[in-house]
Structure formats: C-alpha cells, structure tokens
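K.L.:
Handing you a structure now.
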Amino acid sequence: MSTHQATFVRASMIEAAPAPSRESGIVHWLRTNLFATPKDTALTIISLLVLAWIVPPAIQWLFIDAAWTGGGRGVCATLAQGGSQPDGWSGACWAFVSAKFDQFLFGRYPLEERWRPALVGVLFVLFLVPMLIPKVPYKGLNAVLLLAVLPIIATILLPGGWLGLTFVETPLWGGLMVTLVLSFVGIAVSLPLGILLALGRRSNMPVIKMLCTVFIEIVRGVPLITVLFMASVMLPLFLPQGVTFDKFLRALIGVSLFASAYMAEVVRGGLQAIPKGQYEGADSLGLSYWQKMGLIVLPQALKLVIPGIVNTFIGLFKDTSLVSIIGMFDLLGIVRLNFTDTNWASAVTPLTGLIFAGFVFWLFCFGMSRYSGFMERLLDKSQR
Amino acid sequence: MAIGVTNAPERIRSSGSIINDPQVRGIFYQALTVIILSVLIYWIVDNTVENLRRANIASGYGFLNSRAGFDVGQSLIAFSSDSSYGRALLVGFVNTLLVAVTGIITATVIGFIIGIGRLSHNWIIAKLSLAYVEVFRNIPPLLVIFFWYSGVLSILPQAREALALPFDVYLSNRGVAFPRPIAGEGAGYTLLALLIAIAASFIVARYARQRQMATGQRFPLLWTVLGLVIGLPLVTFLATGAPLSFDVPVAGKFNLTGGSVVGPEFISLFLALSFYTAAFIAEIVRAGIRGVSKGQTEAAHALGIRPALTTRLVIVPQAMRIIIPPLTSQYLNLTKNSSLAVAVGYADLVAVGGTILNQTGQSIEVVSIWLIVYLSLSLATALFMNWYNARMALVER
C-alpha cells in the first residue's frame with residue numbers, strides 16, 4: 001500500500017498571468033476599434049488616406065506657410081501679385097487678423113472711447129463666470145448684477161451721450177461687440193417672452209390662445225431675414241411721421257421677437273411633458289394661476305427643456321450674423337468689410353478672415369452646448 | 001323659479017365678489033386684449049396710410065404687371081429686363097425651390113452617411129463624423145456661404161484659364177460649366193418609357209406586397225424595379241437611335257462659350273446649405289437609430305433574421321418613425337435658410353423681392369408675398385408631417 005505523498009504543495013496563490021497581448025493593450029484596442037472586420041479595415045485605411053491627404057496641407061497652409069506679421073498686403077501676396085512672397089505661395093494671412101483685431105472686436109467705435117465697451121466686456125465676464133460655476137454662492141445677487149446692473153451700465157456706457165460721455169451712434173458700433181450685445185439682449189428678452197407666449201398658447205382663454213398661436217406660427221414660418229427686412233422697412237411705415245427708431249434697435253427687436261417664437265415652442269414642449277397631476281395638485285392647494293405656474297409647473301418644465309433652450313440660444317447667436325445683410329457690421333460683417341480694404345486685399349485674405357470669424361463663432365457656440373450638457377448632467381443627478 | 005331665486009344669492013356669496021370669478025376675469029382680460037389690439041392696429045393702419053400718402057406710393061398689387069427693368073443672374077424660366085415684376089418674383093420662387101430641393105437631396109445623403117458613421121464601431125469613422133457635426137453645427141450658415149463664395153470659389157482661376165475636369169466640365173471663378181444635353185428627335189419616347197417604367201414599378205411593388213402577405217414568399221423587388229427604371233428607358237433610347245447630343249463648353253480667348261453654366265452664387269449657397277443642414281440631419285438620424293431599443297434587434301436575431309434584413313425590416317422602419325418629423329422641420333429650415341441667397345446675390349424670392357422693394361417702395365405688398373409663400377410652404381410641410389405621423393404612428397391595442 002502506498003500512501004499518497006505530495007511532494008509539492010503550493011502554499012500561496014499564483015499571480016494572475018497578464019491577458020494575451022491580443023486581448024489587451026493597444027493591439028486589442030486596434031483590433032476591436034479599427035480592424036475588426038475586413039470592411040472595417042478598408043474603411044479605416046480609406047479614412048487614414050483621406051486624413052493624410054487633407055490634414056498636412058491644411059496645417060501647412062494654416063500655420064507653417066502662414067504670414068504671421070507684416071504691415072500690409074505685401075506679406076500676403078506673391079511676387080506676381082505685387083507682394084513679397086514667392087510665386088505659387090499660398091498660406092493664411094494672420095497678419096491681416098492681428099492688424100485688424102481691434103476692429104473685429106469693436107467695429108468703428110472711436111479709438112479713444114474703446115475703454116467703454118472694453119469695460120462692459122470685462123464686467124460681463126466678471127458677472128458671468130461666477131454665475132456659470134454652480135459652487136459659487138450668492139446666485140441671487142449675481143443674477144441681479146448680470147441681468148439688471150450690467151444692462152444699465154451698458155446702456156449708459158455704450159451709446160454715451162450723458163454723464164460727460166461723448167455720444168457714439170450705433171452705426172459706428174461693430175464687431176464682436178455688436179454680436180454679443182445682440183445675443184445678450186436677444187437671450188434676455190426671448191426667454192421670458194417665450195415663456196409668456198407658451199403659457200398663452202396653452203391658456204384657456206380662446207382670444208389669448210389664438211393670438212399667441214398666430215404670432216408663433218407666423219414668425220416660425222418665415223425666414224429671419226424677412227423678419228429683419230420687415231423690422232427695417234415696415235416699422236418706419238407703421239410709426240407716425242417724425243418718429244424714428246435706431247436701426248440697431250430695430251434689428252434687436254426683430255431678432256428678439258424671432259427667437260421668442262422658437263423659445264415658446266421649446267417651453268411648450270416642456271409644459272406638455274409635466275403630468276396633469278402637478279397642475280391639479282397646485283389647483284387643489286388653492287394656488288393662483290401665476291403661483292401654480294411659477295412655483296410648480298415652470299421649474300419642472302424648464303429643467304426638462306434645458307437642451308432645447310440652449311439650442312435656441314445657439315441658434316440666436318448664429319442668427320445675429322444675419323444683421324450684416326441689412327447693413328450692420330457684426331463680427332462677420334466687419335470681417336467682410338475689411339476684405340475691401342485695399343491695404344490688405346489679397347487672394348488669401350478672405351479665407352483667413354472667414355476662418356478666424358468662424359473659429360470665434362464656433363468657440364462661443366461649442367462652449368454653450370458643452371455647458372448645457374454639463375448642466376443637464378448636474379440637474380439629472382440631483383433628481384435621483 | 002323658486003329654486004333660482006333662493007340659489008342665486010347663495011352662489012354669489014360662496015364665490016365671493018364677482019371680481020374673483022375666474023370666468024368673469026377671463027372674459028374681462030380677453031376683452032381688454034382685443035380692445036388694446038384694435039386700437040394698436042387702427043393706429044398702425046392710420047399711420048401707414050398717412051405715410052404711404054406722403055410718399056406717393058399707391059398700395060395694391062398693380063405694380064406686379066409693370067416692367068421690371070432689372071436682370072437676374074440665373075433663371076430656369078425665360079426672363080429679361082422687359083418682363084414684369086410678377087414674373088421676376090416667379091423666377092425668384094423657382095430659384096428658391098431649385099436650391100431648396102437640390103440642397104435637401106444632398107443634405108439628406110450626407111446627413112445619413114454622417115449619422116450612421118457616428119454609430120460606427122470604427123473609432124476613426126465615429127470620431128470623424130463627430131468632428132463634422134461639431135464643426136458645422138456651431139458655425140453660422142451665412143459664414144459657410146461666404147466661406148465657399150469669397151473664400152474658395154472667388155480665388156479659382158479666371159474663366160479663360162478654367163480648370164478642366166473630366167467629361168468636359170470646367171471650373172472657374174464664374175462657376176461650373178458643363179455639357180448641356182440637347183434632346184434630338186424622338187427623345188420624347190425615352191421620357192415616356194421612363195414614366196411607364198415608374199408606373200409599372202408601383203404596380204409590381206403592390207403585387208409583391210400582396211403576394212408576400214398571401215404566401216409569405218419574398219419577391220426580388222429591388223432588382224426588378226432597378227431593371228425596369230433603368231432598362232426600359234435605356235432600351236427605348238438605343239432603339240430610337242440615341243437621339244441626344246451635347247453642347248460642350250469650349251475655352252475661348254476670354255471666356256468659356258457653350259454648355260450650361262452654374263454660377264458661383266448657386267454653388268456656394270447649395271454647398272453651404274447642404275453641409276450645414278447635413279450636420280443637423282446626422283444628429284437626427286443618430287437619435288432615431290439609437291431610439292430603437294436593443295430588444296428589437298435581439299428579437300429579430302432570435303427569430304433567425306439575417307443582420308442585413310434586420311436592419312431593413314426591423315430597425316429602419318421604427319427609426320424612420322422617430323426621424324421623419326424632425327427631418328421635415330430640417331427640410332423647412334433649409335428652405336428658409338435659402339433666403340440667405342440675398343447675401344451672395346443669388347436671385348431667390350427674398351433677393352428679387354428686396355430689389356423690387358427698393359425700386360418701387362411697395363414694401364407691404366412685397367413682404368406680404370414673402371409671408372404668403374413661406375407660410376404656405378410651412379403649412380404644406382406641416383400637413384405632410386401630420387399625414388405621415390398618422391400613417392406611421394404606433395398602432396397600440
């Protein structure tokens with residue numbers, strides 16, 4: 001009889017072996033994400049080829065061959081075109097952007113008065129940034145500063161004309177400043193007005209309901225440019241002789257009314273999504289109509305439609321560029337105006353200017369959409 | 001009678017004073033609104049009549065018959081400066097429709113490709129699609145139009161040094177010149193054949209559906225329809241002796257002569273609207289496909305349906321139910337955005353109307369025509385959407 005004798009017993013657990021190289025690490029990632037099937041491989045290779053075809057020339061054009069400094073069109077034109085660059089050269093003309101940068105910000109606002117829009121801009125950033133960070137306290141005070149104090153300061157400082165400030169008429173305004181003023185006012189007006197219109201459209205009173213519906217549907221049915229044309233050619237007709245409206249103000253009214261109609265539809269979507277029990281619960285508590293809406297329904301409805309609201313804001317911001325068609329110089333308008341400057345006219349100037357303007361618009365819109373995503377996640381968490 | 005007498009004072013007492021009766025209040029508010037609005041409208045009309053009288057502008061649509069006196073760059077229907085204002089507006093409307101329809105087709109194609117690309121398992125494809133959407137969604141369409149117009153098309157070579165592309169297509173800063181087909185004798189038969197083929201396709205499709213319902217057998221519909229729509233006209237075309245010739249553009253000393261030319265205004269507007277709207281369509285398509293629950297795919301697989309058929313018969317029909325309503329509103333947006341044509345001088349309805357407005361001062365009439373045209377387009381779209389929704393809506397038991 002032989003007894004079973006163990007010659008070796010492992011006393012400790014063996015270390016887990018690393019996963020096979022094809023199941024982990026970069027190889028695995030490549031296999032699952034880029035080369036999973038023959039079709040995938042073909043797509044990957046085609047995309048890489050397209051990228052190789054587009055990206056290096058773009059970088060070359062934008063940065064390496066670009067003219068960064070210079071005082072005139074010479075640096076951005078080839079010898080044949082009367083410039084200093086070798087024939088066949090093509091590159092971005094950043095010198096144009098840097099020479100005109102102040103104009104792109106303030107338009108033709110008088111040089112010695114530019115501290116005024118600059119100050120308003122600084123205050124805007126100072127008030128806006130803490131507003132956007134959820135952790136910063138005193139949101140109520142902050143909102144008052146942003147939505148009440150800042151507009152008052154802006155209406156005093158930007159046009160001037162009192163308190164010893166020289167009057168700067170609005171045709172001289174331009175650039176990013178006009179874009180931002182239009183969007184800020186548009187946003188500040190369209191949200192409350194849109195909420196009122198949405199409430200009106202869902203009202204029990206037939207006359208109010210019909211008026212709101214007709215307004216919303218007409219404005220949403222036509223392009224913004226016709227609304228702007230209406231504001232600029234028809235408004236003077238509607239007013240008595242001698243009463244004139246500033247062109248800038250007319251554009252502001254047009255843009256705000258247009259955005260309100262879209263906002264109203266977004267808010268209405270939110271109102272419809274609130275269960276009937278909420279309305280009835282508020283009624284049974286004896287709340288008045290405005291208490292019911294302001295305390296119970298709207299807070300829930302607005303939270304639901306934050307993405308839609310921000311999308312409307314983004315649309316509004318992009319739409320402000322249309323005022324350049326009715327002869328105002330917002331960021332896009334002032335960039336295009338400078339193409340005609342003979343000191344800078346060259347083949348690459350328009351493209352460079354437009355890429356710059358596009359980048360600025362993109363930064364703002366992308367920032368807004370990212371922030372809305374962040375807010376959505378934040379509010380979503382608090383709900384659970 | 002007696003009940004009424006005893007009840008009336010009680011009702012008033014229970015609801016407090018008449019001021020707090022919601023119904024009375026509602027009527028009061030509405031009456032107030034109507035009065036204020038009427039006064040406002042009366043004031044506006046009065047001012048307008050006064051202003052028009054002072055500016056010596058006769059209101060009414062009579063001006064539509066007078067001579068326009070301006071030329072439009074590109075027009076599908078015959079137009080000269082001797083034509084009437086009414087005809088000019090018609091040209092504008094046709095041009096609006098042209099850019100809208102072509103733009104919608106391209107935007108849909110690009111949008112679906114990008115939207116499906118965003119859901120791809122392939123990392124590069126997904127990220128490239130994402131980059132496309134994020135870039136074009138966040139830039140004003142007007143800027144994209146100018147990008148093509150003054151950034152790209154205007155720095156192309158002059159017409160006499162036009163870039164020659166295959167098939168006698170020439171690219172220059174005056175636009176794209178391409179051979180114009182000229183229909184010879186008997187070309188009408190080919191067109192007729194095409195119409196017959198399309199009609200036949202519908203009948204075949206109907207028959208195929210009925211057969212599948214009755215027997216469960218599938219009919220190779222796609223190939224049959226393709227064969228009909230391409231084959232029948234082709235056979236007719238060859239049988240009638242290929243009655244088609246081309247007017248080819250020829251590079252002259254200063255300009256290209258012959259062929260058809262599409263101006264840079266149309267191209268830049270068309271490209272910008274297509275690329276811009278495609279970004280939004282891509283997001284709609286992605287949301288639509290993601291909106292179909294995974295259980296549907298799994299159930300189809302469990303039934304043994306092949307992946308390609310699953311996509312076609314299970315996922316796409318359900319995704320389309322989510323996609324179509326926002327898609328139609330994007331189409332409408334594209335149509336409305338085509339009014340940006342005025343920025344580059346493409347003669348669409350708004351641009352032509354603006355010219356007429358400046359020449360005649362008939363602002364109310366021109367604006368009313370704009371409103372009517374665009375509102376009818378919106379209304380038609382809304383009607384279509386409601387019809388489609390009713391057809392596609394989930395039938396619940």
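Note that Cβ sites are derived from N, Cα and C of the backbone, with glycine treated the same way.
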K.L.:
In TrEMBL, which of the ranges A:88-105, A:322-339 has the transmembrane segment annotation?
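P.N.:
Per TrEMBL, the stretch marked transmembrane segment is A:322-339.
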K.L.:
Within the same chain, where does the transmembrane segment (A:322-339) have neighbours whose Cβ lies under 8 angstroms from its own Cβ atoms, ignoring anything closer than 6 residues to its ends? I mean 6 or more beyond.
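P.N.:
For the transmembrane segment (A:322-339), the list is 96, 100, 103-104, 107-108, 171, 173-176, 178-179, 182, 224-225, 228-229, 232, 247-248, 251, 255, 345, 349-350, 353-354, 356-357, 360-361.
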K.L.:
Using Cβ atoms and a strict cutoff of less than 8 Å, what residues sit near the transmembrane segment (A:351-371) while being 6 or more residues removed from its termini?
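P.N.:
Residues 62, 76, 92-94, 96-97, 104, 132, 176, 310-311, 313-314, 317-318, 321, 331-332, 335-336, 338-339.
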K.L.:
Residues of the same chain, at least six outside the transmembrane segment (A:295-316), with any C-beta under 8 angstroms of its C-beta?
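P.N.:
Beyond its ends, the transmembrane segment (A:295-316) has Cβ neighbours at 183, 186-187, 190-191, 194-195, 255, 259, 262-263, 266-267, 269-271, 273-274, 278-279, 281-282, 287, 365, 368-369, 371-373, 375-376, 379.
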K.L.:
Please report, as numbers and ranges, the same-chain residues at least 6 past the borders of the transmembrane segment (A:211-239) whose CB is under 8 Å from any CB of it.
P.N.:
197-198, 200-201, 203, 245, 247, 250-251, 253-255, 257-258, 260-262, 264-265, 319, 322-323, 325-326
